[in-house]
Amino acid sequence: MSGNAQKKLYIKTWGCQMNVYDSRRMADILAPLGYRESDSPEDADMVILNTCHIREKATDKVFSDLGRLNKHKQKKEKRGEKMLIAVAGCVAQAEGDVIMERAQYVDMVFGPQTYHELPEMIIRATGERVVNTDFAVESKFDSLPQEHVPQGVTAFLSIQEGCDKFCTFCVVPYTRGAEYSRPVQQIIDEARRLRDSGAKEITLLGQNVNAYHGMAPNGRTMGLAELIAAVAEVEGVERIRYMTSHPRDMDQDLIDAHGNIPKLMPFLHLPVQHGADEILKQMNRKHTADDYRDIILRLKKIRPDINLSSDFIVGFPGETDRHFEELMQLVRDIGFGTSYSFKYSPRPGTPAANMQNIVPEKIKDDRLQTLQNLLFSQHREINETFVGKAVEVLTDGKGNRPSQLHGRTSHNQAIHVTCDPALLGQIVTAKVTSASATALTGEII
Ligand code: SAH
Ligand code: SF4
Ligand code: F3S
């Protein structure tokens, strides 16, 4: 496509890393149509809100953003210019019709499995309002462009998407659809292109990334451990991570990969959600607290220094003080270097939304506070064990001060390193001088 004047594109992204990946790919799709990303919505020719539906208030936030955007749109229209407003992502999938009805100035609504059709949708949107929330038969991945707008030294690569697990609290199986694994060759080709555009660290993404079972070139099915080994063969890719994993799919091959693939970083985000078997059962997690403990034991046998992360939900229906104490005990037993913890938020259409014995908001608040106090003290203690040690850091941006760069250690800690700013984008060795619950500070050696 040619002859297109430069157009201004603004994308705002909420939610998980898969949404971040999707936003990048939307920019890739729109680049050949003349759209260049800008960091403000004012004057934009097209605005995409890439939304998340995981917890409540998500939809409210989208509507308040839409209200502001409409003012920009009106101003442009007074000058005889157009601004296309699109709502994408998981709120679009779940509430597309509501959005179209409540916000008449929205031009397009499309779900996570349809954005490869953006060029056609834009053409259609010149004449009508477009809603596209299909779960396409053809995978969008087969029609995404080969070109990438460079993303820097760290890149996300979606390898799997959708979810068949149906945890009772979660909207993802409804907004993203059934589990799908991309073919191996497609992933390796994309890893090479990301490397060519400057990526040194690749995070393989999926809603259940370790359920990956993609078709290899010889027609065999490959699991995540083998795929990681194949990506590790790509020269120039120095670091590999993956997220998010489910305990059910944490097989021995993947655990072993943490011992025998040096490029696989010593960090694992493995959401457990809860520590009481009765709650885990009600959540339909299909694992017990001891199953989780056992996975961690086996992992630590292979990689004793692995840095662990998890997601937790407090205040799920039926959660008693005893259940909550079992969750606290699991956290004490394991020790997490970083974590995400949430109050349970009922989501329309999910089984848990109709469960009895809802936990009062005040108790949810107290439990979240108690849990986070424990978690944050663990994060600090674990980070403090790194003080005085040498760590490998991939620098990825500016630091707190001009003499510093920001980066990530192998263990995935954020770190501010005092060093020559010309070292941006390099893997450097730094000595850790101090640590907090959320970050390290160090100097280059
Ligand atoms: N696929 C991943 C993550 C899903 S969403 C997984 O299976 O672990 C990210 C996190 O949001 C979840 O791990 C969970 O802790 C939290 N979450 C999901 N639904 C929620 C809800 N209804 N209320 C509160 N937290 C929720
Ligand atoms: Fe949601 Fe559970 Fe699927 Fe994760 S495994 S995306 S929490 S349904
Ligand atoms: Fe949110 Fe959808 Fe991701 S609901 S967490 S953006 S899969």
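Every residue gets a Cβ built from N, Cα and C, even glycine.
Taken straight from TrEMBL:
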type: BINDING; residues: C16, C52, C90; note: [4Fe-4S] cluster 1 binding site
type: BINDING; residues: C163, C167, C170; note: [4Fe-4S] cluster 2 binding site
type: DOMAIN; residues: 7-127; note: domain 'MTTase N-terminal'
type: DOMAIN; residues: 149-381; note: domain 'Radical SAM core'
type: DOMAIN; residues: 384-445; note: domain 'TRAM'
[4Fe-4S] cluster 1 site shell beyond C16, C52, C90, criterion: Cβ within 8 Å of Cβ centroid: W14, G15, M18, N19, T51, H53, I54, A58, G89, V172, T175
Other than C163, C167, C170, the chain contributes near [4Fe-4S] cluster 2 (Cβ within 8 Å of their centroid) the residues K165, F166, F169, V171, V172, P173, Q207
Taking the Cβ of C16 ([4Fe-4S] cluster 1 binding site) as reference, which residues of that chain separated by at least 6 in sequence fall under 8 Å from it? C52, I54, Q207, T244
Sorting the binding-site residues C16, C52, C90, C163, C167, C170 by sequence and keeping only those with a Cβ under 6 Å from ligand 3 gives C16, C52, C90
Is any of C52, C90, C170 (binding-site residues) within Cβ reach of ligand 1, i.e. under 6 A, and which? C170
Work out how many Å separate C170 ([4Fe-4S] cluster 2 binding site) and C90 ([4Fe-4S] cluster 1 binding site) at their Cα atoms, rounded off. 12
How big is the Cα-to-Cα gap, in Å, between C167 ([4Fe-4S] cluster 2 binding site) and C90 ([4Fe-4S] cluster 1 binding site)? 17
Of C16, C52, C90, the binding-site residues listed, which put a C-beta under 6 Å from ligand 2? Please answer none if none do. none
Taking DSSP helix as H, G and I and strand as E and B, the domain 'TRAM' (384-445) has 4 helix, 35 strand, 23 coil
Is it possible to get the count of other C-beta atoms within 10 angstroms of the C-beta of C170 ([4Fe-4S] cluster 2 binding site)? 21
Note down the number of other Cβ atoms within 10 Å of the Cβ of C163 ([4Fe-4S] cluster 2 binding site), including every protein chain shown. 23
